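K.L.:
My structure is below; once you've seen it, I'll send some questions.
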Amino acid sequence: MTTPANAQNASKTWELSLYELHRTPQEAIMDGTEIAVSPRSLHSELMCPICLDMLKNTMTTKECLHRFCSDCIVTALRSGNKECPTCRKKLVSKRSLRPDPNFDALISKIYPSREEYEAHQDRVLIRLSRLHNQQALSSSIEEGLRMQAMHRAQRVRRPMPGSDQTATMSGGEGEPGEGEGDGEDVSSDSAPDSAPGPAPKRPRGAGAGASSVGTGGGAAGGACGGAGSEDSGDRGGTLGGGTLGPPSPPGAPSPPEPGGEIELVFRPHPLLVEKGEYCQTRYVKTTGNATVDHLSKYLALRIALERRQQQETTEPGGPGGGASDTGGPDGGGGERGVAGGGEGPEEPALPSLEGVSEKQYTIYIAPGGGAFTTLNGSLTLELVNEKFWKVSRPLELCYAPTKDPK
C-alpha cells in the first residue's frame, strides 16, 4: 500500500520558529565596501562556546548550524551529553555533525599565523592580569582608608574650643578652686546656719597645690554639705583645687586625650536607695573614654567627702570644750574641756578616704524608660551612649550601693 503524495509533502514541510518568521533577508554587498569590525565582536564570532578559544577544525551541527571545535563537540558527545551545548537541540551522534572547511578558511584568511595569534593572546592576558591585580589592590587599599576615615569621623566628636583636656567631673559649670581662700568660702557657704565660733577644721593637704584624691578633698568636700548639692548648683569647685577626670588607680598611666565630652544626669536608684539617705541628682560632664568604674569610684569618693564635711560642720570646738564654763578670760576653759573630754561621749571617727573603691556602688541604666540594666564596669560612657541610650539628650544613669562589695 503506497502513501499518498500529499501526506509525503506534509511530512517534509519545514516548520519555522518565531525567530525565523520575523527574520528579514539582508542585501549582499557586491562592491568594494569595507566594514570595520571590532576585535571583540570578531572574537565572539570566531570563538568556540565550549573552550572559549578560536575555532579549530570547525564542526557544524546539521540541525541548528552551531559551530564548535571538532575535539570539543566530540568529547561532549562521548561524555553522554547528547544535545547542542548552545541551544539544547538533540544530537544523536557524530553523524549529526558536519565539517565546515569554509569557516576554517575564513579564520585562516583573517589570522594567517595561528601560533602568532595565540602568543599575542597570551601576552595580552598576562599584562591584563598583572594590571588588574595591581589596580584591584590599590583600589582596595583606597576603599579601606576611605571607610576607616568615615567611621573615625562618625565616632570621634571634636571637643568644644577652649575646653580643658580633662573635663571636670563636678556638677554645674562652676570655676575650679584656686586656693585656700576659695576652699574657706565654699565651706562657709555650705554651712550658713552654723553658730559663730571657731572655724571648722580643714583636712590636711587641702592647700592650693593639692590635687590628689585621697588628701585634697577639703576644698571640694564642703560644696555638698546639707541639702544643697554642689553638683546641681553653680558652685562647681573641683577636688583639691584641680580638675577631676576619671579616677584611676595609683600608678596607672595617664588617660589619653578625650575625643569628646558626654553630659550625664546621675540619679539615685528609685527602688534600691532609701529616701533621705543621699537623694541628690548630680549633673556630670566628662570624657567619652571614662568607664563605668570611673563613675563608681567618683561617686564613692564624692559621698565620702560629703559625709566628712557634714561631720566637720556639725562638730563642736572640742569634744569636751562645751562642758566647762569655768575657763578664764584667756580661753583656758577650752583647754580644760579638751583635757576633760574623756568623760563626754566619744567623737565618731571621720570617714576614711583611703578605702574608697569603685565596687561600693553599682551603676544602672533604664533605656527607653524600661527595666533597669546593670552596667559592666569596663564599659566606656561612649559605648554606653551608643549601645543603650541612642537619643540626643544627656545620658541618664542611676546608682545604688552594692549589696556585697568585694
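Heads up, the Cβ atoms here are built off N, Cα and C, so glycines get one too.
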K.L.:
Among 201-204, 229-232, 285-288, 309-312, where does Swiss-Prot put the label motif 'Nuclear localization signal'?
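P.N.:
The listed stretch tagged motif 'Nuclear localization signal' in Swiss-Prot is 201-204.
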K.L.:
On a simple 10 Å Cβ count over all chains shown, which one of the modified residues Thr24, Ser38 is most densely packed?
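P.N.:
Output for this query is Ser38.
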K.L.:
Where DSSP helix means H, G or I and strand means E or B, what are the helix, strand and coil counts for the zinc finger (48-88)?
P.N.:
9 helix, 9 strand, 23 coil
K.L.:
Could you measure between Ser38 (phosphoserine) and Thr24 (phosphothreonine) for me? Cα positions, answer in whole angstrom.
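P.N.:
Their Cα atoms are separated by 24 Å.
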K.L.:
Average the per-residue pLDDT over the motif 'Nuclear localization signal' (201-204) and send me the rounded value.
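P.N.:
Mean model confidence (pLDDT) across the motif 'Nuclear localization signal' (201-204) is 48.
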